[in-house]
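Lifted from Swiss-Prot, the feature list:
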BINDING   Gly32, Val33, Gly34, Lys35, Ser36, Thr37, Arg138  ATP binding site
BINDING   Ser36  Mg(2+) binding site
BINDING   Asp54, Arg78, Gly100, Arg157  substrate binding site
Amino acid sequence: MSDAALPIQASPEADILSALGARSIVLVGMMGVGKSTIGRRMAARLKLPFVDADTEIEAAAGMTIPEIFERHGEGHFRDGEARVIARLLDGGPVVLATGGGAFMREETRARIAAKAVSIWLKADHDVIMRRVRRRADRPLLQTADPEGTVTRLLTEREPVYSHADLTIASRDVPHDKIVEECIETLRAHLCGEQAAQPPADVASAVR
């Protein structure tokens, strides 16, 4: 058989792009789970634009998110966040990293469901605390008890995050490993193929 007669093996990335069509990929989850880092690398793999919703919100408002919280309050921020995410999804397809509270808004969840595939990057309490301690600009953690705040937010948000289309365990492994798991799981979800069995630490982390 000549080389020309051999079937062309499609790549996972090509399969995903074909199945996505005009839809985007939206990463949801708590602060510190790696939405921006993983999203940027996924976008590079898929050759899609990467967009960070928080960065877009700051650009639209002309001030940082801590400044928005301080001057106008969380309610004002959430309204602007919903508008920005709606605009970004209308311009898809992109890989979009959202803020930790964005998915809590029902209208935003509905818009994401209609225009994207959502991935919940799920991390446990200790992983989140280790990561968020590295940054001092988290408005919701400007309290006397940031650890208690993370516990409360996890309790409130995880049942809602679980409505995402897919769940991937965010843990302390190389970022490219998480990206590969996202790609494999996306391909299986979109194309109906059986994804490779996740390693034991993934299976236990997402239960």
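For all residues, glycine too, the Cβ spot is worked out from N, Cα and C.
Here the features listed in Swiss-Prot are placed on the structure.
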residue : record                 : Cβ within 10 Å
Gly32   : ATP binding site       : 22
Val33   : ATP binding site       : 27
Gly34   : ATP binding site       : 22
Lys35   : ATP binding site       : 27
Ser36   : ATP binding site       : 17
Thr37   : ATP binding site       : 16
Asp54   : substrate binding site : 20
Arg78   : substrate binding site : 16
Gly100  : substrate binding site : 20
Arg157  : substrate binding site : 18
Alpha-carbon spacing, Arg157 (substrate binding site) to Val33 (ATP binding site), which is rounded to whole Å: 14
Distance [Cα-Cα, Å, rounded] between Ser36 (ATP binding site) and Asp54 (substrate binding site): 10
Separation of alpha carbons, Gly100 (substrate binding site) and Val33 (ATP binding site) (Å): 9
Rounded distance in angstrom between the Cα atoms of Arg78 (substrate binding site) and Gly34 (ATP binding site): 21
Substrate site span - longest C-alpha distance across Asp54, Arg78, Gly100, Arg157, in Å: 18
Alpha-carbon distance [Gly100 (substrate binding site); Gly34 (ATP binding site)] in Å: 11
Lys35 (ATP binding site) and Asp54 (substrate binding site), Cα-Cα, nearest whole angstrom: 11
Gly100 (substrate binding site) versus Thr37 (ATP binding site) - Cα distance in angstrom: 14
